[in-house]
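See below for the structure under consideration.
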Amino acid sequence: MVLSADDKTNIKNCWGKIGGHGGEYGEEALQRMFAAFPTTKTYFSHIDVSPGSAQVKAHGKKVADALAKAADHVEDLPGALSTLSDLHAHKLRVDPVNFKFLSHCLLVTLACHHPGDFTPAMHASLDKFLASVSTVLTSKYR
């Protein structure tokens with residue numbers, strides 16, 4: 001998916017506003033995903049997925065850190081996410097549909113925390129960005 005100059009600006013602006021809340025938002029998005037799409041819990045059977053779990057907090061931070069890295073390297077998502085793509089494709093074997101579920105939950109979380117900034121243009125830019133990240137993460141599944 002091609003990100004326009006406006007999309008890239010929106011992505012950078014959004015990630016700038018997230019600041020130190022990335023881990024918190026990542027955890028919240030994961031909890032939303034577990035509640036809305038309970039089958040996603042099967043990929044996390046080795047950890048405690050209950051609300052407030054230290055393990056979900058830690059994974060939420062990993063998600064947020066990976067997305068921050070992607071936002072910082074939006075011109076080269078495949079290069080920035082290559083290791084993570086290998087991990088999800090070859091070791092974790094996460095069903096690609098789960099990236100869509102998490103992307104949706106991330107959008108909801110960001111909209112809840114930044115309603116004034118979550119314009120239709122911002123929504124569209126973030127949706128395209130998350131779809132691009134998902135595409136990169138699933139590119140090595142073939």
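We count from 1, first residue shown onward.
A Cβ is built for glycine as well, from the same backbone N, Cα and C atoms used for every other residue.
Here Swiss-Prot flags H59 as O2 binding site, drawing on sequence analysis. When Cβ atoms from all protein chains are considered, those within 10 Å of H59 (O2 binding site) total 18, not counting its own. H59 (O2 binding site) carries a helical DSSP state (H, G or I).
Neighbour density for H88 (heme b binding site): within 10 A of its CB lie 20 other CB atoms from the protein chains shown. Annotation comment: Swiss-Prot describes H88 as heme b binding site.
Taken from Swiss-Prot, the feature domain 'Globin' covers 2-142, and the record attributes it to sequence analysis.
Every protein chain considered, the tally of other Cβ atoms within 10 Å of the Cβ of K8 (N6-succinyllysine) stands at 15. The N6-succinyllysine annotation in Swiss-Prot covers K8 (among others).
Of all Cβ atoms in the protein chains displayed, 14 besides its own lie within 10 Å of the Cβ of K12 (N6-succinyllysine). Residues or ranges marked as N6-succinyllysine by Swiss-Prot: K12 (among others).
Residues or ranges marked as N6-acetyllysine in Swiss-Prot (evidence: similarity to another entry): K17. The C-beta environment of K17 (N6-acetyllysine), restricted to residues of the same chain at least 6 apart in sequence and closer than 8 Å, consists of H114, D117.
Here Swiss-Prot flags K17 (among others) as N6-succinyllysine, drawing on similarity to another entry.
In the three-state DSSP reading, K41 (N6-succinyllysine) counts as helix. The N6-succinyllysine annotation in Swiss-Prot covers K41 (among others), and the record cites similarity to another entry as its basis.
Neighbour list (S103 (phosphoserine), Cβ cut-off 8 Å, at least 6 residues apart, same chain): D127, L130, A131, V133, S134. S103 (phosphoserine) falls within a helix when secondary structure is assigned with DSSP. Residues or ranges marked as phosphoserine in Swiss-Prot: S103 (among others).
Annotation source Swiss-Prot lists phosphothreonine at T109 (among others). Just so you know, the Cβ of T109 (phosphothreonine) picks up 22 other Cβ atoms within 10 Å once every protein chain is counted. In three-state terms derived from DSSP, T109 (phosphothreonine) belongs to a helical segment.
The annotation phosphoserine is assigned in Swiss-Prot to S125 (among others). Close to S125 (phosphoserine) in the fold, though at least 6 residues off in sequence, lie L3, D6, D7, N10, I11, C14, each with a CB less than 8 Å from its CB.
Swiss-Prot lists S132 (among others) with the feature phosphoserine, giving similarity to another entry as the kind of evidence. Counting only same-chain residues six or more apart in sequence, the Cβ atoms lying under 8 angstroms from the Cβ of S132 (phosphoserine) belong to M1, L3, L77. Under the three-state DSSP scheme, S132 (phosphoserine) falls in the helix class.
Residues or ranges marked as phosphothreonine in Swiss-Prot: T135 (among others). Over all protein chains present, the Cβ of T135 (phosphothreonine) has 16 other Cβ atoms lying within 10 Å.
Classification of T138 (phosphothreonine) by DSSP places it within a helix. Residues or ranges marked as phosphothreonine in Swiss-Prot (evidence: similarity to another entry): T138 (among others).
Residues annotated as phosphoserine in Swiss-Prot: S139 (among others).
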